[in-house]
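Asks: First, the structure itself, so that you have it in front of you.
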2 protein chains.
Amino acid sequence: MTDRRASRNDNRTEAIMRAALDLALEVGYAKLSIEAVATRAGVGKHTVYRRWPSRGLLFLDSVLTLSTEDLSHPNTGDVVADLREVITKAVDLLDQPPWGPLYRALIGEAQHDPEVATALNRRFIEPQTADTLARLKAAKEQGELAPDFDLDLAFDVLSGPLYYRLLITQQPITHDYIDRVLRAVFAGMSPRAQTR
Amino acid sequence: MTDRRASRNDNRTEAIMRAALDLALEVGYAKLSIEAVATRAGVGKHTVYRRWPSRGLLFLDSVLTLSTEDLSHPNTGDVVADLREVITKAVDLLDQPPWGPLYRALIGEAQHDPEVATALNRRFIEPQTADTLARLKAAKEQGELAPDFDLDLAFDVLSGPLYYRLLITQQPITHDYIDRVLRAVFAGMSPRAQTR
């Protein structure tokens, strides 16, 4: 492939993903069609299908091109503060468009399309989980957490309540709510010597 | 309305909801159409639309007709055991058809349709939460929980990790997993005098 042709393909790919995001925000993901995306991007329907076998996988790729702030954990020596910083950034991102409605729609689609669910986990959830786990492991080694702290469960217990609000009750996830979750999770998990 | 006509309407309503559930299990909710439901139930499309303004609301009503075991909490004096019993029943229900795939599809639809999200909360989530809260309140009054136990957060922290597995990582929710969540949530929340 010549450089010029490769670059034209990149431009098309970008235009298609941009069109998918714009349309999902305008009409809602439920009404998004490959036809409408192709029209908006100025390409043929087959150009879209050549690259993406389904609407869900196109949408996944498109959502994951959205920029996020850096969501990796600092290590200031205070694990709860470091977790709070990253969780707050992530929650603030989800609190408004484009991330909020698009990420919810993506998880909605993952309930109907197993390929989307698998790819979402591999490309988005697992890297986040690994970064959180590394920070918690460091805290355990530094004696900030009890020796029996359930590291493998920690990400689920920290993020579960946030996803529960996002997807089920759809109540706002305030900074106060984040603090309460952190308190609930860490109340019994710090070394006993440090508890009152 | 004569009795005979009322009873014919009830039968039709039941046939439509049954058809919606059967088709959702056979072809998946993503491919479910009002047309197909009407055909399967042997009624006209307009008969369906007269009662349900959208596919999502028809599906919600249909899923909520599925029987569940009694999910109200006993009070044996051991709050963790009582919660474990009810959570285990609910998780076992979600572990297999019809509840498993249909409930996930319903939550998926709630991400796209705010009316479904609101009705799901009002009719299914809120009564469950209220029952759990009543059991936790009794435990607090009986001194089983610390005075600063965050009652309003408890349901989110208990069920959040389970929903996170169900909807995001889609890993199996084993009985061991339920025990670990209960341990994590209650480790720091029992009265200090009872901790080691």
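Cβ coordinates come from backbone N, Cα and C, glycine included.
Got these off TrEMBL a minute ago, pasting:
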DNA_BIND  B:33-52  DNA-binding region
DOMAIN    B:10-70  domain 'HTH tetR-type'
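What does the local environment look like for each feature on the list?
Replies: Beyond its flanks by at least six residues, the DNA-binding region (B:33-52) meets 12-13, 15-16, 18-20, 22-23, 27, 58, 61 of its own chain at Cβ-Cβ distances under 8 Å.
Within the model, the domain 'HTH tetR-type' (B:10-70) carries an average pLDDT of 95.
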Asks: Under DSSP, the domain 'HTH tetR-type' (B:10-70) has how many residues in helix, strand and coil?
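Replies: Helix (H, G, I), strand (E, B), coil: 47 helix, 0 strand, 14 coil.
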